[in-house]
Structure formats: C-alpha cells, structure tokens
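Quick look at what TrEMBL annotates:
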- 382-501: domain 'Cyclic nucleotide-binding' (DOMAIN)
- 563-632: domain 'KHA' (DOMAIN)
- 64-82: transmembrane segment (TRANSMEM)
- 94-118: transmembrane segment (TRANSMEM)
- 199-224: transmembrane segment (TRANSMEM)
- 283-305: transmembrane segment (TRANSMEM)
Amino acid sequence: MGETMSETRSPMPLLYRRHSSGEVMKNLASVSSSLLPAFGTLVGDDSPLLKKYVIAPYDRRYRWWQAFLVVLVIYSAWSSPFELAFKDVATGSLMYIDLVVNLFFTIDIILTFFVAYLDKTTYLLVDDHRKIAIRYVTHMMFPMDVASTLPFQSLYRLFTGKLHHGQAFGFLNLLRLWRLRRVSELFSRLEKDTRFSYFLTRCTKLICVTLFAVHSAGCFYYWIATHHSPSEETWIGSIIQDFEDKSIWLGYTYSLYWSIVTLTTVGYGDLHAVNPGEKVFNIFYMLFNIGLTSYLIGNMTNLIVHSAVKTFMMRDSINEILRYASKNRLPEGLKEQMLAHMQLKFKTAELQQEEVLEDLPKAIRSSIAQHLFRKTVEKTYLFKGISEDLSSQLVTDLKAEYFPPKVEVILQNEIPTDFYIIVSGAMEVLTHQNGMEHFLTKLGPMDMFGEIGVFFNIPQPFTVRSKKLSQVVRISHHHFKELIQPLSEDGKTIMANFTQYLKDLKKEVQEEISFLTDLLRDLNIEQMTSLNELRNHDERSSYDHEGMQGTLIDAPSRACPSRVIIHGHHPDDQTTDRGKTGKLVRLPETVDELLKLAEEKVGKRGTVIVMEDGSQVEDLDVLRDNDHIFIL
C-alpha cells in the first residue's frame, strides 16, 4: 500500500511549501498550463511530499536551471549554422566552448531521470524513479537529447587522433537545433505569466524568430558559395576574389546583408544569385519569407488592435447614443447625461471588472465584497449595532455602481425597489414643486438615500442627484427583507436606528413627507419590533396615510414570536393543576411547529389547539403574549 501511494503525488506541495502569500502568488503565476492540480488535491503543509531525490518540475531551483539552459540554447542556435558555413571555427575557437555547453546539457539529461512528470489521466505527479526513467527513455526526447549533445568532432579526434574537416560533422552539429524547443516552451510560459507584459513577450518572440531566420539563411547561402566551383561564379565570389581566404567576419557580414535585403524584399541587386544552385535556394527562401512576413504582420496587427478594442467599442457606443438621441429628438440635457454615463461606464470598467467577478466562485466574490464594502455598511446609520452575521450577508450581494456628476440616481415619485449607500462622492437631495426645483440637503460618504420610500412603501419622496463622480452600492429591498425576517434582534436595532434618523431629519425635509410629523408624534420604539413594516409590492398597493402607518406599526410580528403557555389537557379538566403543568414557550411560525413543540414540552402529540373558552385556534396571529392554549 505504501509503495502504491508513493507512486503519485499531488503537484502542489512544493508549490505551497512557502508560508508567504506573496511567494505563493508568484509561484502560481509561473505555473505552466500543463501543470494542473488534481481536483480535490489537498493544499498546505499536510500535503504529501515527493520521494527522496525527486525534483518537482515547477520547483524554483529547477526553473532557474532551465532558464540558464535557454541561454545556452541561444548560443547553440547561433553556432550550429555558423560552424557549418565557417568550418574552421568548429575545430578552432568555438570547439572548447561547444564542449562546455554540451557538458551542461549532459547534466540536464541526467537530471531528467529525477524530475517527476504529470500523469495526463490523473493530473498527479509521478515520483516513482522506475516509471520516470522508462517514460524518458522510451520517448523520442531521449535519443534526440543524446544525439544533440554528443561532441562528434571531439569523439572522432579522441579515437583517431586526427581532426576531421569534412562537412559530415557540420551537419551533425545541426542536431543541436533540437534544443530550440526549450525556447518555445519558455515563451509559452512567459506569455501566460501575468508578471510579464504579453505585448513585450510576444514582440521579443517575433524578433527572435526573425533574427534566427536571417542568421540561418545567411549561413546556408555562404555554405553554398563555398561548395561551388569555380568560386568566381558565386554570389560572393563574383564580388570578392578568394573570399574563402578572407576574414570570417567579412563573409558573415556579407551573408547577413544579403539575407536581410532579401527578407525585407528590398533587393538592391548588388548581391544576387549567379549559379543555378543559388537561384533554387533563393526561390525557397523568398517563399519562406512570404510566410514569415505574413506571420509577423498578423501577430503585430493583433497585438495593436487588441490594445485599441475598448476604444473602438466606446466610440461605437457613443455614436449609437448620438443617433438615438437625434432620431428621438431628446433634450440636450438628457443627451449629455446619456453620454456622460456611457463614458463613465468605460472608464470605470477596469475598476468594476464585472465580467471577471462573474466568472469567480461565489465565496471569492463574497470575500472581495467584504474587503471593499463591509466597513462602509457598518458605519451607515441604519446598520449600526447589527450582528456580524447580518453584516456579512448584507455585504455579499451588494451591487457597486458609478455615477458621473449631475445625474439623477433616483427620481421623485419613482416606485422604490432599492436603496443606496454612498461609498465615495456626494449627492444632493432635491424636491420639485410647481415646476420648481428646491434643494433640501447634501449627502456624503456612508450616507443612505432611497430607504424612506422603501420602508414606508411609498413613491420616492425626493430626487437624488450626484454632485460629482460618485460610487454607490445598491441593496435590493426584497433581498434585504429576506435577510432581516429571521433575525428579530437585528430587526429591532434597524427599526430603532431608522426611527431615530427620522426624528433627526431637518424640519424642511420632514415637511416634505405629509404624514411624517403625525407619525413621529405617536411613534413608540417598542411597537417597532415588527419586520413586516417593510412593504410587500405584491400584496399592497395603497399609499394613503393609514396604510403607511399600519405598515410601520400595527403589523403582527413573526420575527419576534409572542410568549404563550401550553397545556396538555382539556381546558374543562379541573383535576389537573394548570399552573404546574403549563409550559411557557415562544410562539413558532406555524401550527405544525407548535404541535411539535407541545409534544416536546408536555409529552403529548395533539392535532387541535383550543383557547381557555374552548374556541379552536386556526391562525397563530390571533394569539397574544401569555395566552393559555390547550393541545388536544
């Protein structure tokens, strides 16, 4: 069993072995898309470790080793075509450098036998040494890694004692181009790594591809010239006599010049194909250039257009608004508000990131909302003193919005559905009478508006307009009512806060709500324990004074049940001492719950509930505090 369990390991342990959250985020950003943790994988210090002498492929030290090898790959990509064209350097100055580079890649081959790999079926890291070795040896990578690392020229000299200047070793050295796959893998990781600019990473990749194409084509073209006789009938021999005896860097400079001129389709004509072999090579090189140029232009176009997509979308939206306003002959003031709102939408899209948040799990969205808005909600007058539980639930489903200056957020006489909390910015409360606009008061951060219309079940009594760029959070009335109903103590606190707020309103504000003065005169906080004071759009549609006052005060409470005394006998049974057998309980929500509660308290399961006078109880709303009820 122990051996079986050790064969696969979660790919996450070494990734999370550091306690610093910053380190974790850095590692997460650099994980390749091919290294996915298994669903249900435990993350943390309790996760199982890999076997001894096994390296995790995303371990930081191993990644640095791979990055170092990429530098050597760049050297190999330059030296392999160069040594083919200029064979003297292969047995001269570059020979010892090649030996050192090959030594490092030999070490990497040995290390690969100790690097865990990801099982594509289970997405677990396999750390069994035998399985790692079998997978590597049977894969094409092993023979190619060995072939690209063997120093054929040095081995020939070791066994024969002679240096060989033939072209065979030059072509064998081209096997080292196999190492270029490491560069491709590096760029794939960097493009997914958020710590690096995608634009710069992509541009760097395109530049590297272009330079390699230019270098390789120039070296191959020079090699063709060195193997044609007579040398005067070649593209470089017709200009430079005995070019093979000249400086290596002179020949390399001419080769790069021809390659760049041909790649860019300039074609000055000073260096041109002379013999049929060179013409055939030019044909294929120019066909290759067509594909390479298309690839470069296509990628650069996509990068540039991608950065301007949002600007195009904003311009199209603004043009649509202008056409709509012109077609429907909207007033200039209304058209300006529409344009301001649309521009603000695009400017704040980066701050709101609604599309990003929608794709996140609910738990993460809740944590974000708690971080951003919880302190604001708790400092608002209506929610001072509420429980932690209610505070957390309120914040979870808040909707954040931005409003530009001089925009109406709610209108007077508008049907209320939501109320708002100001996070930043400022609002002004206005009223309209006889076509005239009157300023009432100013609101700032942590202030609320819209709640009076919601609580009293009346059309909004005021217009609220933004004074400057403002961020608000919106709370749905229906959602708010669902949260409050089961929390009686919080309901009392909220209603007490609301009542005190009404009393503290400016006189001119109170006068705008016709019934408010009479209501405050008779208001009693003990009567505010009801949560049914919140309006119900589906059941109530009357906005008269009596209906509003009844909504706030007279509705029976189910969130704070009455206390009743239950008995397990008939009210006419005089043989049982009612005082001793009665149980004082809080009245539940339904009749069924009351019958179950009676069974627990008095040990009797009944089906009928009666009062002391023998009348049957069918609706619990008729009961009051300290009523005696009998279960039959």
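Cβ atoms here come from the backbone N, Cα and C positions, even for glycine.
Beyond the transmembrane segment (94-118), the same-chain residues lying 6 or more positions past its ends with a Cβ under 8 Å from any Cβ of the stretch are 9, 11, 34-36, 50, 53-57, 62, 65, 68-69, 72, 75-76, 79, 82-83, 124-127, 129, 132-133, 135-136, 142, 145-146, 148-151, 153-154, 173, 179. For the domain 'Cyclic nucleotide-binding' (382-501), DSSP puts the residue distribution at 39 helix, 43 strand, 38 coil. Mean per-residue pLDDT, taken over the domain 'Cyclic nucleotide-binding' (382-501), amounts to 86. The DSSP breakdown of the domain 'KHA' (563-632) into helical (H, G, I), extended (E, B) and coil residues amounts to 19 helix, 17 strand, 34 coil.
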